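Everything below concerns the one structure shown next.
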Amino acid sequence: MSHPNTHMPRTHAVHGRAAPQRRGCRTSVEKTDQSGHSRSSLAESAMEQAQLRSRGEAGGGRSVLCASGEPGSAHKWAGAVTCSGAEEQPLHWAESRARGLARHLHYWELPYAWRENRYIIYGHRFYHSHRKSLLSVLNAYGWHNETINIWSHLVGAAVLAYLLCWGWPRSDVYRAAQVPRLAKWAIGAFLACGVKCMASSVAWHTFNGTCHLKLRSRFVCVDYTGITLLVTASVVTTVAVTLYGLSRPLMYAYMVASIGLGTAAGVMNWSPHFDRPEARPLRIAVYVGLAALGLVSFVHVWMQVRWASAHLMAPLVYKSLVWYGIGVVFYATLVPERWRSDVTLDCCSGPVHEAACRQFRDLPPVARKDRQFWSLWWVDYFCHSHFLWHVFVVLGVVGHYRAVLQMSRIVWLDAGRAF
């Protein structure tokens, strides 16, 4: 679940032999290709780009030749190129598109705006048509690194749709006359928002391999909007169950606040700044903060009836929140792919190295001979951090549904246990 990126990757794969280590880091030196011709070192290339940046910022741009041979303009450091009044495209977009017609790309063949997780090296799509993107759901053009992300939430959407259409209407909570209509509506809306969230995630992971940057950006906004709906619905169900019998005005106040904050987050989702890699902590904080609003209802339950009813919120913790918490750890730390040892990774820093991170590289990263299971060569295609995040999200959503059912039984069906 992520996007037009403007971050400076600090760790990257090197496609040539490594120079002697300096302060525990590796640097790239001059390479030779298979025919013996010398390649420019990454450091030299980075310095050239740094000079381009300096001239571009000082002089407002630099004349370049486009892929078609026509003059164009290189804009600033990000390197977008406009040719003969055509739509502005990121630097190296044409090369990536040409290669993407025939095969999947490695990380360094992608234009900079398409680079997300620097530890996922192989299997990147760069498709020119919507049809190819849609068919990639079925791996029509080979297994890619979004296959399991797509199918994990396709399965999740199917599970939640089953619960919405079959499991929930046949539950004892749904059929019980004691359970207020508002609580039933909130639980049903939660399941519907869960289906919407999973479908939005599937749409994003299906089309994040398109070569059309504007379309790609729209689909990531769709994904974030689905997440916002799910989190907001989770808070509303918690508030409806915990506060309905204690303070109706307080319940409505928290529901309005939750929906208002969710709406604000939904609007923010469509900001291009929200999608940038450096905004990852902000994204996590927004969703965690929105979810935490639901825990405030527990505080009011405790203030009203003290610890006698503290067990009311327990199912929410051990059936749902624990799964979300584990998933956030994988999402934020990029584990396990950051531990892969099947390719040579750099850990250097500094302006020259940061400039080198933007380069388009013809050669793939150096593959080591270590292809054992523990080298984690398989993380490009299976069991990477984002897939694990997807799995724990599905567990968290299903767990939340089971938790609010149990909480509803405590409040309305098991007379005298809650209050």
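Each Cβ is built from the backbone N, Cα and C atoms, and glycine gets one as well.
Membrane topology taken from Swiss-Prot puts Ser171 and Tyr401 on a shared side. Swiss-Prot marks one residue of Asn145, Asn269 with the annotation N-linked glycosylation site, and that residue is Asn145. Between the transmembrane segment (148-168) and the transmembrane segment (250-270) there are fewer than 3 Cβ pairs closer than 8 Å, counting only pairs 6 or more residues apart in sequence, which means the two stretches are not in contact.
Annotation for Asn145 (N-linked glycosylation site): spatial neighbours Ile120, Tyr122, Gly123, His124, Asp380, Tyr381, His384, criterion Cβ-Cβ under 8 Å with sequence separation of six or more.
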